Ligand code: HDD
Ligand code: HEM
Ligand code: HEM
């Protein structure tokens, strides 16, 4: 494997982590929106807040990681994408601001109207942001971002069938992952009703996402034939199969209430789609631009990968401590009466 | 397209892109300063509370931690926008040189991760970890905050003194990322910025308690809330002024055009005076107070040193003189005002082990946070506007880097509206945080433990 290929693999792994963890945080916001009235939805919202609270900042860093690796490893591709797709990217950026800020603000607000205002902002931007990020993915996948600076069409590059499906899929998978994770979180704090509630939501959402994915294949066939061929018959086929199988198994596991196992299969189903796209498109990053043409010099790649390897030695144990602290302590806390308005 | 056309096409959009960058950076940097400085100050309070059992320190630590939770969230999202904007607004820069400054940003990414992870633990596990472990879990936050300030400023330093790469026909052919990161501008700029972060956080936090004391709340809790951050900032201020002098020497030797703009020097001369105040009109500095030989002396330690004037370079290569000159005056003025405040505190403490009793001291302390933030913003205006028209000094012009897509102006309008709302909401929420659960006059143990951090 060349240094450029390792860099791309690391970048894609970072993107996967963002979709699986950051995506679930967006999904939490979507369920917040659909949680019901201020009184009725309160337990759901509290569970969501407790699950996201300590980890969303760390999850969010994956996005920064991906962006920085792009401009370090494949600078001209980063410039082409950012300049052509500046409209959806600006909108996604504003969504990110609104979401993160509103979530933090709501947590420290006491009055109902404030919680409602910040809550609505949080929930609304949780839908909008993944949607726009999805349209960006669709633009790249359907080859609508040419090489060079601002060479693509500023509107049709992201307002097209593939982008629409990718946007919908981004929102759908976010909601699905969140529902799956929250099911287990509810079970862990010993709230049976809530676990059942999110289980139902996860089942319904999983079915919808499966249908959207199938529709997406039809769209790809017409709109991005090269990627379609790779996905349905080429190197990317195993990933598509993995995704479909894992998706179906997840439904069965949800049905049978294996809430821990379904976390893994649901993640695989989503990751399969992502890696299928990546492998299907490889070695082309943009229309007519291969990884070799776009990669940074080896000195840069070696220095950055080396730095990341050293960083990983610090990060992995720390991340483990973070997740372990809060997964473990859920049970202990559930016995203490919760002060809902802290 | 030839460069002249490019300029014509993108005139309004270029201005919008620069304003947008300045707005979002100028916003982020204030919050980021609290991200760098506040954890350390909070840890000191927590440590003192742990050692002495003083409930006032412990309550302060909890309250600061709660505010930190809000500030970090806002800092994280406002920083994310910046990384989008680097590509959306300046694809010419990032497409060509993204890899040259990629290393410090990758390292910064690691630092952010550490910061976010340990912040999650520090805030959310406050009551669930033993006090010592909890204190220790705060230390990586401090280190990572300082490290991320260092890394990001090395990237900016590279834009001032680009080194560590070879270009052929506009394409990068070889890069030495470590040489790019440790360019000549890195030492003075990073040190100056990190100290500035502690000053902004320290004076800023002290201001809050100074206002409360002016309103009559003079109990131990408020006095400690004023004294601790103010002491930290006061110790740093004299050092910062020395470092500022170092930064000025650096500019004098390496960016003479910037120095000429900072001082409004048009003709190259020896024995140049220092200009205080004044305004540049038609290639001449007017109404300024002149301190003879001052500039030559300060910039090169020699009263007869030669200072290059702006007339040496064509008008198209000059930065806007008045903006840079006045920004520099404001920074230096604020720096010396803060030095005066620090000296006042030191004197009173040395004499009586107490705060100065004059209400003027509290009034000055109440303004110190604003002054520090003003110095910070002004300093960045000197650095960034003074480097114009270059985005990479001497290598790439800002106009070549900007996104030529139409309609950047609308992006700027949208971003301005969002930031205005964000500012209002942040200020409002932080004020409510203090008001909704007021501090008990004489805190008891149960007031401390009853105050939830998150
Ligand atoms: C609390 C903030 C603060 C204070 C009190 C000062 N500065 Fe400063 N200054 C900054 C905060 C700052 C900064 C953090 O905003 C800058 C922008 C870029 C940088 O590295 O530091 C800066 C830049 C900066 C530059 C430009 C460096 C460059 O372009 O590379 C010079 C020449 C000075 N400063 C000089 C001074 C002097 C002589 C001061 C003495 C009073 C001073 N600063 C006080
Ligand atoms: C690593 C740190 C930084 C980087 C990489 C960076 C990069 C940039 C870029 C790309 C621009 C736009 C192009 C230009 O006008 O030259 C810019 C402009 C600007 N930046 Fe920075 N910047 C950094 C730090 C800061 C900070 C912390 C501030 C804080 C206030 C700041 C203030 C400004 C201002 C005021 C402008 C507008 C210049 C003008 O309009 O003439 N910069 N910076
Ligand atoms: C072009 C300039 C800059 C970019 C692209 C940038 C990027 C970012 C990003 C992406 C984050 C969020 C990280 C997280 O989720 O925790 C962030 C936060 C932060 N940034 Fe910046 N930044 C810039 C300028 C600066 C400067 C000049 C400083 C110098 C002090 C700084 C210091 C920080 C700190 C300390 C944080 C984390 C603490 C907090 O969130 O309050 N940044 N920045």
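Glycine residues also receive a Cβ, built from the backbone N, Cα and C atoms like all the rest.
The model shown is predicted, which means the values in this text are computed figures rather than measured ones.
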Of the residue ranges B:385-407, B:408-430, the one that TrEMBL records as transmembrane segment: B:408-430
Annotated stretches the transmembrane segment (B:68-90) and the transmembrane segment (B:135-159) touching (3 or more Cβ pairs under 8 Å): no
Of B:96-123, B:135-159, B:191-212, B:224-243, whichever stretch has the most CB pairs under 8 A to the transmembrane segment (B:25-47): B:191-212
Most Cβ pairs under 8 Å with the transmembrane segment (B:360-382), selected from B:96-123, B:135-159, B:191-212, B:224-243: B:191-212
